[in-house]
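Enquirer: Here TrEMBL flags 1-318 as domain 'Cation/H+ exchanger transmembrane'. According to TrEMBL, the transmembrane segment annotation covers 7-26, 38-56, 68-91, 111-132, 166-184, 196-215, 227-252, 264-283, 295-314.
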Amino acid sequence: MYAMIGTMISTFFIGVFILLLGKYSIVSTVDSSNLMETMLFGALISAVDPVATLSIMGSPELQCDQLLYSLVFGESVLNDAIAIVLFRTFLKFYSHNNMEGHDIPLALWEFLYVSFLSIVIGTLLGLLASFIYRHSRLNEYPKFETSLLFLFCYGCYAAAEAAQMSGIMALFFNGMVLSHYNSVNLSRAAHVASEHIFSTLATLSETVVFLYMGAGVFSGKFEAFDPLLSICALSACLIGRFCNIFPLSWIANKFRKDDEKVPVKMQFVLWFAGLRGAIAYALAENMPGPNKDTYASTTLCICMFTTIVLGGFTERLLTDMGMKQTSSTADRGNYTSSLQPSSPENFYGLKDKIISFDERIMKPMFGGTMTDGWFKKKKPMRYKSYNDQIDTIKEMEMEELNLGDL
């Protein structure tokens, strides 16, 4: 909810806010006749990059509340993809300087259309890769396992881009499917190698992007710097995130159990965690029009402020707000355990039916580990595949479960 609806709320608020600044001549560096220019800026600056916040929250010394970490992580992993799709959607309509009201629903439909097909492409290719790994002997050749895993991921991105969809969003859902189903299909060597290779590539890419951002300070971008626009844009980001976090949290709490509600203090931390980073600056570099450098310098200024100031005070804020894991949160167990069934006899809700379908049909076909508690009161079923190593591992897991039942 925060990633999809929240990003759209933030985008439209910032875009309209900056447009009004230009219309009332508060800032002179905004083209008030082109709505898409300000909407493009609203989309790119809504890309939240809470890497520093997540690294702090994940610190074992801090013992951050698990629900808070889950909410921040859940928003961050999908927010960037949503912001990129919104940016590319508005970019298609940028040439229509005299954009009329009926074009906005058309742009939203384009966004939903691209998002849906990107999710479908990523999911299907992830299932295809998992099926191939599950029903083959690739585990006997770890170097081919790792190579093909990389090619499947890149192929997913390339296929989505070739279809003029969002490669980022397709790749995200492809990774989710591979993580859920294909991780246990890999041999131990390929699993360790791929994990370290992708982690290393991610770290190198992130370092290069932040170096590029730092070099932007000395590359002449600030020759078109507008301090007033930067202050107003930063204020719009904070207000837009406020309009995003608090109303959506109020709605979410209406459907949550009492021990899973998002308290006001946690909502404040979520609002504070809205750092801007590499994605926002990269999109700003692709801004069209004569005001490109102005928006790029404004984005860089906001990224620096949020990363240094907001990111620097995050640990102190978490301590003062008492957002550490307490005995009460420990008593309720892992937050993810609420997603798991208590026993096979109690499968009656939609969530439980989805888990049942996943356990009985999807995992035997594509791979994956058994959900905790699924075989608690029921003898495990034996699934046969063409991968002897996987079958051996599964039989060992089932024997352990049977011993536990005794």
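The backbone N, Cα and C atoms fix where each Cβ goes, glycine too.
From a predicted model like this one, the values you see are computed outputs, not experimental measurements.
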Enquirer: So which residues does the transmembrane segment (196-215) touch in its own chain, when a touch means Cβ under 8 Å and the partner is 6 or more beyond its ends?
Expert: 51, 146, 150, 277-278, 281-282, 300, 303
Enquirer: Excluding the flanking five residues on each side, which residues at least 6 beyond the ends of the transmembrane segment (68-91) place their CB within less than 8 Å of a CB in that stretch?
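Expert: Residues 2-4, 6-8, 11, 36, 39-40, 43-44, 46-51, 53-54, 57-58, 107, 110-111, 114-115, 118, 166, 168-169, 172, 262, 266, 269-270, 273, 279-280, 283, 286, 288, 323, 335-336 contact the transmembrane segment (68-91) from elsewhere in the chain.
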Enquirer: Near the transmembrane segment (227-252), which same-chain residues lie under 8 Å Cβ to Cβ, leaving out any that are not at least 6 residues past its ends?
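Expert: That would be 1-2, 5-7, 9-11, 13-14, 17-18, 21, 26-27, 29-30, 41-42, 45-46, 262, 267, 270-271, 274, 276, 294, 297-298, 301-302, 305-306.
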Enquirer: Which residues, given as numbers and ranges, are at least 6 beyond the ends of the transmembrane segment (295-314) yet have a Cβ under 8 Å from it?
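Expert: Distant contacts of the transmembrane segment (295-314): 41, 44-45, 49, 52-53, 56-57, 213, 216-217, 221-222, 224-226, 229-230, 233-234, 237, 272-277, 280-281, 283-285, 287.
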Enquirer: Grab the same-chain neighbours of the transmembrane segment (264-283) for me: Cβ-Cβ under 8 Å, and only residues 6 or more beyond its ends, written as numbers and ranges.
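Expert: Same-chain residues near the transmembrane segment (264-283) but 6 or more away: 2, 43-45, 47-53, 65, 67-68, 71-72, 75, 80, 83-84, 87, 206, 209-210, 212-213, 216, 237-238, 241-242, 245-246, 249, 296, 299-300, 302-303, 306-307, 310-311, 313-314, 317-318, 321-323.
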Enquirer: State the non-local partners of the transmembrane segment (166-184) in its own chain: residues 6+ outside its ends, Cβ under 8 Å from one of its Cβ atoms.
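Expert: Sequence-remote neighbours of the transmembrane segment (166-184) are 77-78, 80-82, 84-85, 88, 114-115, 118-119, 121-123, 125-127, 129-130, 133-134, 149, 152-153, 156-160, 191, 362-363, 366-369, 390, 393.
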